[in-house]
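If you check TrEMBL, you get these features:
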- ARG137, TYR139, LEU159, VAL168, SER169: FAD binding site (BINDING)
- 81-193: domain 'FAD-binding FR-type' (DOMAIN)
- 246-265: region 'Disordered' (REGION)
Amino acid sequence: MPLPWRLQDCRHGSFKLLSQPPRVPLRYANTSRSKFQSSATVGRPQRWQSRILWISVPVAFFGCVAYVKYRNWEEPGLNPERFIPFTLVAKEAVSSTSSVFTLSPRWATTNSQIYDQAWKDGIWSVQVKQPQLQIARSYTPLSPILNSEQIIDSDLRFLIRRDPQGEVSGYLHKLPIGAEIELRGPHLEYAIPNDVDEVVFLAGGTGIAPALQVVHRLIVLSSSPGRESPRIRILWANRRREDALGLPMNNLDKPTEDNSSTARPSLPSLLARELTNLQQDHQGKLSFQYFNDDQKSFITEDVLAKCFLDSTRQAKKCPTEGPAGRKLILVSGPDGFVKHYAGPKVWQGGVEHSGPVGGILKRLDLSGWEVWKL
């Protein structure tokens with residue numbers, strides 16, 4: 001049995017008192033504090049743990065903040081599955097009940113790519129949420145204004161009428177500039193075919209928005225040298241003359257003599273200026289007719305019959321080369337407007353469908369025409 005280390009040194013003739021015990025191999029070391037261990041040796045790891053803790057906590061905090069800001073900055077914009085916040089940056093009154101709302105995404109997004117695809121697909125809409133009631137309504141964006149310095153590519157514009165019974169429209173009209181509005185979309189309402197030769201669009205009130213989407217899709221986006229653009233005729237009806245101030249009325253108009261807002265002069269609204277510019281830029285391919293209840297001007301059966309007769313004459317006068325394209329009749333507006341001209345829409349399997357043609361259009365000869373209710 002080996003002697004203790006002090007006695008071993010004596011046997012070799014040189015007794016030497018060591019100031020410290022020999023270092024114990026790690027495999028024999030005891031984790032508990034021994035009598036040879038100093039307090040400084042034990043306290044050193046604890047101080048390092050404290051320093052690591054003080055460093056790791058702020059690093060983790062600022063890392064989380066940076067991650068959240070990165071996710072916000074890279075937010076992909078409109079999403080058909082969840083609501084994305086936008087900011088109300090402008091609101092221009094069109095009439096006493098309608099305004100054009102301009103919404104801008106809160107973060108820098110890739111919305112331009114989403115919009116481009118939606119415009120190419122056809123007529124599309126987004127859902128707007130009313131946060132207090134947790135309900136949503138669909139609204140159709142207005143077509144973009146080309147070469148506008150005030151409207152950027154990521155903005156969306158909507159023509160919204162304040163309905164006394166509408167929870168969402170009333171909520172939106174009360175919001176101040178800078179308010180947050182949540183949108184979800186885009187949702188495709190109608191895929192516009194590529195082989196369209198002619199479109200007749202019956203628009204009631206804010207139904208002018210999808211009509212302008214058709215113009216943007218078939219004329220603005222598809223215009224190119226050597227390509228024949230479709231002919232589009234839009235018949236826009238409003239209850240009040242003020243909804244289309246600045247736009248020329250058709251020959252059936254009879255000015256009223258009352259003291260209502262229809263008799264008060266006013267500058268053309270932004271929407272009126274847009275429609276005028278569109279028609280001037282695309283003469284021969286795009287035409288508008290305006291009607292309103294105030295001046296006893298209506299889209300009657302005779303007006304529609306003449307419209308389709310003019311279409312037949314124009315087709316014979318300027319025949320297209322190759323196979324004939326499709327002819328579309330699109331109807332958009334309040335439910336009563338759609339039902340009056342094309343019959344009611346129907347629900348099947350929880351989904352709303354266009355349904356059979358009814359109303360005034362059913363009494364007309366529509367051979368060769370397709371009818372779609374929006």
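Placement of Cβ uses the backbone N, Cα and C atoms for every residue, glycine included.
Here the domain 'FAD-binding FR-type' (81-193) is broken down by DSSP into helix, strand and coil counts: 18 helix, 51 strand, 44 coil. Residues ARG137, TYR139, LEU159, VAL168, SER169 are listed as the FAD binders, and the farthest two of them sit 14 Å apart at their Cα atoms.
Excluding ARG137, TYR139, LEU159, VAL168, SER169, which define the FAD site, the same chain contributes VAL128, SER138, PHE158, ILE160, ARG161, GLY166, LEU172, THR206 within 8 Å (Cβ to the Cβ centroid), listed in sequence order. Counting other Cβ atoms within 10 Å of each Cβ, the lowest count among the binding-site residues LEU159, VAL168 belongs to VAL168.
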